[in-house]
Amino acid sequence: MTKRILMLEDGNYFIGDAIGSEKETIGEVVFNTGMTGYQETITDPSYYGQIITFTYPLVGNYGVNRDDFESINPAVKGVVVREAAEFASNWRNQITLNEFLKEKGIPGIAGIDTRKLTKLIRKEGTLKGILAAETADKEELLHHLRSVRLPVDQVHEVSSAKAFASPGDGKRVVLVDYGVKSSILRELNKRNCYVTVVPYNTSAEEILAMHPDGVMLSNGPGDPKDVPEALEMIRGIQGKLPLFGICLGHQLFALANGADTFKLKFGHRGANHPVKELATGRVDFTAQNHGYAVEKDSLIGTDLKVTHIELNDETVEGLAHKEYPAYTVQYHPEANPGPSDVNYLFDEFMEMMNGKEEGELHA
């Protein structure tokens, strides 16, 4: 089997077996601790520009099926696994992981010590990495890797180019696409919502002209400070319409209301993150995928209150506006992959939109 190298910007490197596409690639090396859900993870637009390390030792054993994709075209740069299953065993399987990676042009590496790599990332933080042929000159690879700047226009790359509708006969929801997962759209469709998905740079005036019952801010990749156009839109919407944000949408909501965000050392990526609701003490296990978080101290003096925290590091996991029907969460209530403990948040959004009809808005 052809050999491949994963070179990190700190000079560490790993040599293993090549899987997927043969092309060379550069990205931010991160790790995901989920035991299952690799195909949802690989097709999640929030992973744009990243090389994903799966900590679970065997990946690909149940294959890949197109029904569970979170986007049509995966945006990941590469995949790292301890062992890639050569044969898939599942009645829904349509294609093996290796075949899928080749089809989508995603290079990968297998047979390396993913535990060692994960511990390295935990210690040093996320690092740039390059996947290349094992025969490549290591010094040249390292020099090239260190000279490359990772893109900052990630949301622009994964957002819808134009608005489109997913019809229903219930509440009318505008879903702002910063890299939305298909599962979020499906959760709204389950509740009979008429959903209009709009590009990330849609203005408040354009959204209000659609006369929706509520607005959702989706997940997405990268640094929220790279999407300044979203902040004015959020300020123009909150108080006029019920607002619900997820992941990147949560961070943008915080920035729009005067708070700050920061980059986590190695992020939260997995399906077992415990989150505590401060009002009730309820603890849920959640799916998470983010490299940035809201700075808790920056919320002092704003109109936002913390509703949820992550129990491992006490980072902010939920916010609510003190005056308006607007709330956001850092985690993923739609799951896929991960537990569906917090799926009820979509029902709370529906209740907020019902409150709009009853005149409960403060605008």
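The backbone N, Cα and C atoms fix where each Cβ goes, glycine too.
Per Swiss-Prot, these features apply:
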ACT_SITE  CYS247  active site, nucleophile
ACT_SITE  HIS332  active site
ACT_SITE  GLU334  active site
BINDING   SER46, GLY220, GLY222, LEU248, GLN251, ASN289, GLY291, TYR292  L-glutamine binding site
DOMAIN    172-359  domain 'Glutamine amidotransferase type-1'
REGION    1-172  region 'CPSase'
Checklist entry - If you take the centroid of the Cβ atoms of SER46, GLY220, GLY222, LEU248, GLN251, ASN289, GLY291, TYR292, the listed L-glutamine site, which other residues of that chain have their Cβ within 8 Å of it? => result GLY179, ASN219, PRO221, ASP223, PRO224, CYS247, HIS290
Checklist entry - Near GLY220 (L-glutamine binding site), which of the active-site residues CYS247, HIS332, GLU334 can be found within 10 Å, Cα to Cα? => result CYS247
Checklist entry - Sorted by position, what residues of the same chain at least six away from GLY291 (L-glutamine binding site) have a C-beta under 8 A from it? => result GLU28, VAL30, THR126, LYS263, LEU264, GLY267
Checklist outcome for this item: All chains considered, the count of other Cβ atoms within 10 Å of the Cβ of TYR292 (L-glutamine binding site) is 20
Checklist outcome for this item: If we take the Cα of TYR292 (L-glutamine binding site) and draw a 10 Å sphere, the active-site residues of CYS247, HIS332, GLU334 inside it are CYS247
Checklist entry - Averaged over the domain 'Glutamine amidotransferase type-1' (172-359), what pLDDT does the prediction give? => result 96
Next on the checklist: Rounded to a whole angstrom, what is the C-alpha distance between GLU334 (active site) and CYS247 (active site, nucleophile)?
Outcome noted: 11
Checklist entry - Among SER46, GLY220, GLY222, LEU248, GLN251, ASN289, GLY291, TYR292, listed as contacts of L-glutamine, what is the widest Cα spread in Å, to the nearest whole number? => result 13
Item to check | Spatial neighbour of HIS332 (active site) that is closest, considering only the recorded positions SER46, CYS247, LEU248, GLN251 and their CA atoms | outcome: CYS247
Checklist entry - Cα within 10 Å of CYS247 (active site, nucleophile): which of the binding-site residues SER46, GLY222, ASN289 qualify? => result SER46, ASN289
